[in-house]
Amino acid sequence: MILPISINPKEDKVQHDQGDELSDLKLHQEASWNEAITIYPSNVDAQIGKGIALADLKQCQEVIQCYDEPMLISPEQVDVWNSKGDALYNLNQCQEAIECYNQAIAINPKYAHVLYNKANALTKLNQYQEAINCYDKAISINPKYDLAQNGKGYALKKLNQNQDAISCFDAAVSINPKFDSAWCNKGDALFNLNQYQEAIQCYNEAISINPKYDYAWCNKGNTLQKLNQYQEAIECYNEAISINPKNVDIWNNKGNTLQKMNQYEKAIECYNEALSISPKYVDALNSKGLSLFNLNLYQESIECYNEEISINAKYLNAQNGKGDALSNLNQFEQAIECYNEAISINPKDVDTWNNKGNTLKKLKQYEEAIECYNEALSINPKQAQAWNQKGIALENLNQFQEAIECYNEAIAINPKSDQFWNNKGIALRRLQQYKEAIECYNEAISINPKYVDVWYNKGLALYYLNQYQEAIECYNEAISINPKDVDAWNNKGGALQNLKQYQEAVECFNEAISINPKSDYLWSNKGNTLRKLQQNKEAIECYNEAISINQKYAQAWSQKGHALYKLNQFQEAIECYNEAISMNPKSDTVWNNKGHALYKLNQYQEAIECYNEAISMNPKSDTVWNNKGHALYKLNQYQEAIECYNEAISMNPKSDTVWNNKGHALYKLNQYQEAIECYNEAISMNPKSDTVWNNKGHALYKLNQYQEAIECYNEAISMNPKSDTVWNNKGHALYKLNQYQEAIECYNEAISMNPKSDTVWNNKGHALYKLNQYQEAIECYNEAISMNPKSDTVWNNKGRALYKLNQYQEAIECYNEAIFINPKCDDFWKNKGRALYKLNQYQEAIECYNEALSINPKNVDIWNNKGNTLDNLNQFEEAIECYNEALSINPKYVYAWYNKGNTLDKLNQYQEAIECYNEALSINPKNVDIWNNKGNTLDNLNQFEEAIECYNEALTINPKYLNAWIGKGLSLYNLNQYEEAIKCFNEVIYINPKDVDAWNTKGYALFKLNLYQESIECYNEAISINPKSDYAFENKGLILQTLEKHMDALSNFEQALKINPTALRLNHKADSLIELRRYSEAKYFYLSAWGQHAFIEFELSQL
């Protein structure tokens, strides 16, 4: 109850008591201490009471003034000194407060509360040990002094003596279990000891005691944050904020937790709240800068750091943060200035040296970066991140082993860092120590199985070990963690491509492109895979996408060139290669590819220039030397090509391809044995190359080693039984061994594989031709012509087969087709001439031979054939001139000597004819025709014995040679050796019973032996074989005439005259008519005979 002042308002006691009551009611402002003091200025109690009321009103300066007066009046007032000390403490004038507490203690050394207050002031001055001493004195005076225990614990905590601090807090709460501050402080000490769960229990105790204890809620939130229980932490901060929305630390801590949750915008809202309360709150400015940094809002981040620096230019974190933001804006030089500023503030700050090193690393100033990391490590050799970053810098200097040593140091400090293991793996991978790298990646994965990069890197190492399936599994892991990981999708596509699972690879590249459609290399990789699927047009579309994104993407231009090359668009490919070269003129690969395209356009010299460019850049590229060799080969510069192949072999002596190509060039130089040696080298490296076995077969074929060639072709066929080319080649070799049927079987195999090969049909036709199966050969030639009607060779071959079937007109039509296609081929004109010859169209034949000779005047066959044709026109001298032309070209041309001899024989120049036959025989003594004709000529010279010797030579060579038997028989006949002659004619008949001439000549000989009946039988045989044999009828008539069977004789003469009326036969008929006394008829036929004889004599006279 408040006493009414109206009793005696002027009494200081009344006013004093009234003030006490108001103060007890917390109505400090209404407390009228001034009235009591005004009434009685020396009222010490009133002065003290007023001070207490002002203290409760936090008007500390006025409190001090209130206490000054009582001290003057009564300096022994302990409470006055204590209260004044409290007021100074509240004004943060702790040193002055301590002096007051010392005054109080001097008056009363056992005043525990003053000792406690002094300790609090010392704590505030960070003089923790002195504070502890005071708390101990207070506790020694009052062992149940919970506040002192709590204060001591706080000081110990500040000295990081957390375990001792906890003992003090336990003492405090054992004294006062409801001491919320002590519970909270204990939680802080446990937090410092990383005993977060126990800390939370303490905060919960404090909150249960005081649910409005914002500090406890805040610290509980801090602890939950450490346990990564961010949502629960935020709930605590929200509780704290609801209690004290003006507490900047709580807003800041809530922002920090949201930042940990990557909720940077919400974090910034919290920092803004803190800054709205305290615009100079540097922690909030710093944290806000970091959140902006994490949102890639680097410029805004820098503005926050600048704000911090404007508050305190020596604020280390601000300089560091600003440096980081500038570095991310690629303003590296300005960033380094910030780090230098930070270093000037604290040259012992490890993080700053690290950050400066990182920025120098971005400037590729790796050595300077390493110096920074070394500085950091000189300050703290256990700074794992500095070792790690130094390792990265060394890696960029290709000092991989030294980098690994740094990673080892980092791992020794922190073996649970997935990042360090990953980086060590990368360095080992760069040293191509893939298995060791994988072990490192496995360590990183065991620490953090959700580390995307390490799964990716492990996949890369497995990829390099050609373990593509295992690599794919790693990329799948990376993708399962981050389905938007472009690199993982890309590399998975690459691994699938190497497994030839091209469609699946394309799907991966599509996924990557859907994530990043502006990635030039993804479009390019998709294009590469589509090329593997032979989808070159689609691939080009991809390369166009890549180029539209990056006009300077040399690789895309180059790959587009490849795709165009595959579409045979070589000129367009070259344009792409030119684009690539304009961007990267030092790419030997692109120069090489441009060379390929020019090669395909038959621009071999230009191709060589490209290969030379490539070689100037990379003289150790066996591939380019090989390609240059190809181009030189095409220019028929085989020796120069071989030199290129030798260069390639010197670099890569195990390249079967180059050995094979060198073999080709040697083959073209007709150095077949050397070529075979090259093919053998290629086979020793790759015994399963059907191509090389085939080529070796070619070379052996050229050496006429056909059987060995066939063995090579068989090897090639065993490897590739579907190669029509090899079956065709084997057929050739069998053809050369006269194994035509086996050759045909090979050609049939080739045709079954490639029925559209005109070459094989033509070759089969050849073999059938050799087997005299001309009709079947023609069918083959027709097949070849249906496929390639422009093949002059096949038309010519068909003509030859028709010629053999005596279908000369049809043959000529074929030769005409061949000539129309290729009018400059002398063989075609020659063959047409032969067919015309057979049709007795001699003049036309000569015209063909003349055409052939205008093309090739050195062709002896044509001169010979022209000579034969002139001979048939009885133009013997001109014929001899042709034979002489042939012999001037080739004096060993046996047929020209032979035919010249025949023509001289017709001119009755028998001796000269014999000389020709002798020349022919000196060249070919085994030619039966020459021996036979020489015999005929000797017979014409009545040198019958010598003639018989010639016929015997012919018969020793060929006992079945009919003309020689007949010639020998006639010579024996002329020697009147009729019986021996008959033996010869019998040999002919034995060999060929249908030989009319043999029966006729045998009939002559029998006639001479007066064996008329046997003679007549011979003529009858001749007539039965050839009813048009006029000589048989004539000779039979003469024998019948001798036997005086004139009527029969007359009948035979008439038959002979019907076939061929001659004067002699008219005469023979007239003789028989005389014998039959038919004189008038006889006279008529004698006159007819005489008239015909006179006509012949006249005609001869005209010649």
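Yeah, the Cβs are placed from backbone N, Cα and C, and that goes for glycine too.
Bear in mind that TrEMBL entries carry predicted annotations, made automatically and left uncurated.
The shown structure was predicted, so the numbers you read here are calculated from the model rather than taken from an experiment.
Lifted from TrEMBL, the feature list:
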- 112-145: repeat 'TPR' (REPEAT)
- 214-247: repeat 'TPR' (REPEAT)
- 248-281: repeat 'TPR' (REPEAT)
- 316-349: repeat 'TPR' (REPEAT)
- 350-383: repeat 'TPR' (REPEAT)
- 520-553: repeat 'TPR' (REPEAT)
- 554-587: repeat 'TPR' (REPEAT)
- 690-723: repeat 'TPR' (REPEAT)
- 724-757: repeat 'TPR' (REPEAT)
- 962-995: repeat 'TPR' (REPEAT)
- 996-1029: repeat 'TPR' (REPEAT)
- 1030-1063: repeat 'TPR' (REPEAT)
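Regional average pLDDT for the repeat 'TPR' (962-995) in the model is 95. Beyond the ends of the repeat 'TPR' (350-383), by six or more residues, the same chain brings 316, 319-320, 323-324, 327, 330, 332, 335-336, 339-340, 342-343, 389-390, 392-394, 396-397, 413 to within a C-beta distance below 8 angstroms of the stretch. Note on the repeat 'TPR' (962-995): DSSP counts are 27 helix, 0 strand, 7 coil. When the repeat 'TPR' (724-757) is classified with DSSP, helix, strand and coil residues number 27 helix, 0 strand, 7 coil. Remark: secondary structure over the repeat 'TPR' (214-247) totals 27 helix, 0 strand, 7 coil, with classes taken from DSSP.
Helix, strand and coil counts under DSSP for the repeat 'TPR' (316-349) come to 27 helix, 0 strand, 7 coil.
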